[in-house]
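Asks: Starting off with a structure, shown below.
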Amino acid sequence: MSQKQLKEAFVSNLNGTSLLEITLGLSLAPLCLLCRGLLLILYYLHNGKPLSSRRYGLLLDFLVLISPLLFSCTVLSPIIFFMPAIIAAFCAGIFFKIYSQRKHETRVPFRQIVKDFQKTYLDPGYIPAITVFRVYVNVLTSISILAVDFPQYPRRFAKAETYGTGVMDFGVGAFIFGNALVCPEVRQKSPVTQPKFSSLARQFVSVWPLVFLGIGRLLSVKSIEYHEHTSEYGVHWNFFFTLAFVRLAASLLLVIFPRNTSWIVAINLAVLYQLVLNTTSLKMFILHGSNGRDTRDGFLNANREGLLSLFGYLAIYMASVQVGLCLLQFRNSVKGWLKAVCFLLLTVLLLFVFLHMSQAHADPVSRRMANLSYCIWVLAHSLTFFIGFVVTDLTLVFTKLLVKGSSVPCCWDAVKLPNTGTKPGTEGVPVGRGGKLPPVCLISAINKNQLLFFLLANVMTGAVNILIDTIHSKAAFTLCILHLYMFFNCFIMYILHAKNIVLKFW
């Protein structure tokens, strides 16, 4: 076989991994974030000032937020079940060190600290977990799209051929979930006073870069005969087109139906699509083409996976809009967010019950078709991932109460502490910041130019695959390449953020 055929075969005919392994793998990112925050608080405790060096800040962020994920999906993947426990134990050690080394005058009984923590008011205008969720989905996707071409990346993590739950199968749906959380319909704070279809017109303008990138990817892949997994989206379709069309279709539905009924629309879409799959020949068409022999003749046959999976992705998007509306309700206290976490955990539990029922009576999870089981699975694991970041933020808020004046980038600020005599949200400067601008951090840097980061990762992935025989690479070489690749992408974002450059002009 040619090199192109070898690489295509390397990522084909796979069956995914278990739900438990994916859950444990997803817990690593929140634990890494917690570790970074605790290290910054410990540094402040010892030095009396935050880490101000941008050079060391970038190094710390990369080594703690990115590097463990690279190791866990390559050489440490055989012990991935132990990785969360190891990082959690390290975090616990740092926390107890912080708790035991606080200055004497700041010490109060632990029970009082817990009471103060529950009454603490948080910045109501910013939910850092949403930002971190979207950034980490981008980061994990960027790691996987290159790492999957190396033998050290377990085949069970790659996209399943027809049925199965691979890590990369989740990444596609999580992208849709993250986009819906910050869509204009969710961020809108007051009833629409403009014409109903004005938002739809704005969406037509805003998605043109995605269409342009999709066309650019299509032309570049075909012109250099780059290896591609045809059964993923089809011959001409790609994920940029999916993102664009899902956003447009969702905007149209949200013009027709009230925003607070988006979950009903999502359920109807997913269930009706599954019924059509089960009661007609549509499933056989998606899997085997119109002639039953995997024909790719004609535009619909050639791109059947990408075109028909739009129904499932649209259902995920609409359900995620409802999640976003729920999250943006005015919860400005720790106690409110603790209740929200309990509600979200109950929702996740119900979704996993529905997933079991759907797989038993309808169809197993299939990213290729984006069927009902896939929609439920993506929502369940996306909420689980998001809850991890909320719990991390709340833990860091609690730790910051132990060390007055400490701060952590991309973490909640306490805008009012108990017994300060001010009303919630009336302080102009968050407690502990002293009016200083927040330091540059890697999460903020990637968040500011997310589409550019994803595009750069795709370009760099193509360049590495053209220049290197990835399939026969040794472990040490693989780790070097992956670290250089991710560091280069992160460094570019870091420089742009430091110079306050946002490459978005649409």
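The backbone N, Cα and C atoms fix where each Cβ goes, glycine too.
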Asks: Can you check which of 125-143, 201-219 TrEMBL lists as transmembrane segment?
Replies: 201-219
Asks: Count the Cβ pairs between the transmembrane segment (56-73) and the transmembrane segment (201-219) that lie under 8 angstroms and are 6 or more residues apart in sequence, then report whether there are at least 3.
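Replies: Answer no: the transmembrane segment (56-73) and the transmembrane segment (201-219) share fewer than 3 Cβ pairs below 8 Å.
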Asks: Mind checking which residues reach the transmembrane segment (201-219)? Cβ under 8 Å, same chain, six or more beyond either end.
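Replies: Same-chain contacts beyond the ends: 184, 236, 238-241, 243-244, 247-248, 251, 451, 455, 458, 506.
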Asks: Go through the chain and flag residues at least 6 beyond the ends of the transmembrane segment (162-181) whose CB is under 8 A from any CB in it; none is fine as an answer.
Replies: 14-19, 22, 25-26, 73, 130, 133-134, 137-138, 140-141, 144-145, 148, 156, 231, 239, 243, 246-247, 250, 287, 313, 316-318, 320-321, 323-324, 327, 363-368, 370, 374-375, 377-379, 381-382, 385
Asks: Would you kindly list the residues that approach the transmembrane segment (475-496) from elsewhere in its chain, counting only those six or more residues past its ends and only Cβ-Cβ distances under 8 Å?
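Replies: Those are 54, 58, 61-62, 66-67, 70-71, 74-75, 139, 142-143, 146-147, 150-152, 440, 442, 445-446, 448-449, 452-453, 456-457, 460-461, 464, 468, 502-503, in sequence order.
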Asks: Other than its close neighbours in sequence, what residues sit by the transmembrane segment (239-257), given a CB gap under 8 Å and a spacing of at least six beyond its ends?
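Replies: Long-range Cβ neighbours of the transmembrane segment (239-257): 172, 175-176, 179-180, 183-185, 196-197, 199-200, 203-204, 206-207, 210-211, 213-214, 217, 233, 264-265, 306, 309-310, 313-314, 317-318, 321.
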Asks: Sort out the residues at least 6 away from either end of the transmembrane segment (263-286), same chain, that have Cβ-Cβ distances under 8 Å to it, and list them.
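Replies: 253, 257, 292, 304-305, 308, 311-312, 314-319, 322, 358, 362-363, 368-369, 371-372, 375-376.
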